[in-house]
Structures are given as C-alpha cells and as structure tokens.
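Trainee: According to TrEMBL, the protein carries these features:
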{"type": "BINDING", "residues": "K14, Y161, V162, E163, Y164, S165, G166, G191, G211, N212", "note": "sn-glycerol 1-phosphate binding site"}
{"type": "BINDING", "residues": "D16, S42", "note": "Mg(2+) binding site"}
Amino acid sequence: MRPSFYSGWKHVFKLDPDRDIGDEALEAVCASGTDAILVGGSSGVTFDNTVELMSRIRRYEVPCAFELSDPACGVPGFDGYFIPSVLNTKRAEWLIGHHAAAIREFGHLLPWDSIVGEAYLVLNPDATVAKLTEADADISPAEAVAFAQVADRLWNVPVLYVEYSGTFGDMELLGTIRNTLHQAHLFYGGGIDGPDKAAQAALRADTVVVGNIIYENLAAALATVNAVNQAVKEQKDVLRKG
Ligand code: 1GP
C-alpha cells in the first residue's frame with residue numbers, strides 16, 4: 001500500500017532549513033491551521049540545519065514532512081518523506097540517477113512506509129531548482145500536459161508537483177493538467193503572495209504550497225490558509241448544488 005499521509009492536505013507551508021525564521025513567526029506558521037509543514041529547499045540544505053528546523057517545528061502538533069533530495073540530509077523523525085524527481089530536466093541524474101545511487105547505498109535504511117515519490121514539473125526557468133537541474137522550463141502547455149501524463153499514466157507517480165517557485169504560474173495550464181490527471185495528487189507551488197492567488201490555486205490543485213511569502217510578509221502568508229479552505233469549501237458547495 002502506498003503511504004497517504006499527504007492525501008488530505010489542502011494547504012501547506014514550505015520552510016527552508018537554509019533560511020532564518022524567528023520563534024514567533026514559526027509559532028504563527030505552525031499554529032495557523034495549515035495542514036502540514038513541508039521542509040525543503042533547493043540549496044544550502046544540510047543535515048544540521050534540517051535537524052534544527054525539524055526539532056523546532058516538533059514543538060507543535062502540525063504534521064511535518066521533508067523533501068529529501070540529498071541522502072546526506074536523511075534526517076529521521078519526520079511524519080513523511082517526499083523524494084523529488086524532475087520530469088523536465090535535461091540531466092538524467094535529477095530524474096533517476098541520484099535516486100538509484102542513493103538507494104543502492106542507503107536503500108536498506110529507508111523508512112519505505114513513509115516515503116513517497118514526487119514528480120516535479122518545473123515551469124519557471126528562473127527558479128533555483130530550474131537552474132540546478134537544468135530543467136527545460138520554457139515548454140508549451142501541450143508539452144507540459146504531456147509530461148504530466150507520462151508521470152500520471154505511465155509511471156503512476158503518487159504526487160505531481162507543478163513548480164513555479166518564485167513566480168505565480170499559469171492557472172489555466174494548472175487546471176488543464178488537473179483535468180488530465182488520472183490518479184496523481186497535484187501539488188502547486190510558486191508566487192503565492194496572499195489570499196487571492198492562494199484561492200485561485202486551490203481551485204485547481206489538490207494541495208497549495210506557500211513558501212517565500214512566509215519570510216517576506218507573514219500576515220499575507222497566514223491569510224492564505226483561510227483563503228484556501230474557503231475556496232475549497234465554496235467549490236464543494238457549488239458541486240453539491242450543481
Ligand atoms: C517552492 O513551490 C514552493 O518550492 C513555493 O514557491 O516560494 O514561490 O511560494 P514560492
């Protein structure tokens with residue numbers, strides 16, 4: 001059976017171990033009513049800064065998962081682990097090579113019951129993750145949908161993550177991708193700077209990921225929790241009545 005610890009998440013905050021967050025802000029984030037905290041970052045993530053952030057988040061009841069992209073940062077104690085692959089990378093190691101090498105070495109240590117594969121579709125060429133993985137982010141909507149279908153239909157990935165990190169994405173494309181998905185759970189992240197954009201994304205993705213704005217405008221970040229829940233509720237009401 002696949003792990004499904006993430007299946008009810010509508011809203012998550014993503015915290016970067018390589019960025020500073022004060023105790024008060026962290027408490028506000030963890031007690032905000034978000035469904036989970038996702039720990040991860042594209043650069044500067046180490047075992048030590050991951051342990052430190054996890055132990056601070058662990059003071060609160062909110063579920064906490066980790067995007068594990070470097071086996072050297074395999075910190076135990078999270079509620080779940082996502083192992084990312086980049087669908088549209090030009091370099092095979094970011095799709096499968098690093099994963100195979102890590103499993104060869106550490107596979108016997110991995111808590112498989114709480115590990116989920118996460119297929120990233122990186123669509124902002126300026127994002128750090130796009131540069132790091134040499135993702136071919138300037139692709140047409142039809143190509144993006146095709147990548148999503150490979151992940152969903154051919155590979156049966158549990159999670160498809162449409163990643164626009166740093167900029168707000170094409171909501172029409174996100175909706176199209178969602179409509180083509182057969183089984184994958186859809187994460188959306190990128191450029192959500194307040195309730196309006198959070199609500200738009202919530203109408204199209206299963207889980208909305210809010211990152212950078214936490215560090216820039218905490219009040220706006222916190223307002224996204226209610227916006228997502230409200231949008232999901234209104235959508236359900238419409239579907240029920242229709
Ligand atoms: C980053 O998708 C997340 O991996 C969130 O993006 O930082 O732009 O909110 P932002």
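Every residue, even glycine, has its Cβ placed from backbone N, Cα and C.
Any TrEMBL annotation is an automated prediction that lacks curation.
Just tell me what is around each of these and how deep it sits.
Mentor: Under a cutoff of 8 A between CB atoms, and with a sequence separation of 6+ in the same chain, the neighbours of V162 (sn-glycerol 1-phosphate binding site) are L121, L123, A148, G169, L174, I177, L186, F187, Y188, G189, G190, A205.
According to its DSSP assignment, S42 (Mg(2+) binding site) is coil. The 10 Å shell around the Cβ of S42 (Mg(2+) binding site) contains 19 further Cβ atoms across the protein chains shown.
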Trainee: Which binding-site residues out of K14, S42, G211 lie by ligand 1, going by a Cβ under 6 Å?
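Mentor: So the answer is K14, G211.
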Trainee: Return the residues near G166 (sn-glycerol 1-phosphate binding site) by Cβ distance under 8 Å, restricted to its own chain and a separation of at least 6 in sequence.
Mentor: N124, D126, A127, T128, G190, G191, N212
Trainee: Rounded to an integer, what is the Cα-Cα distance in Å between G211 (sn-glycerol 1-phosphate binding site) and D16 (Mg(2+) binding site)?
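Mentor: It is 8 Å, counting Cα to Cα.
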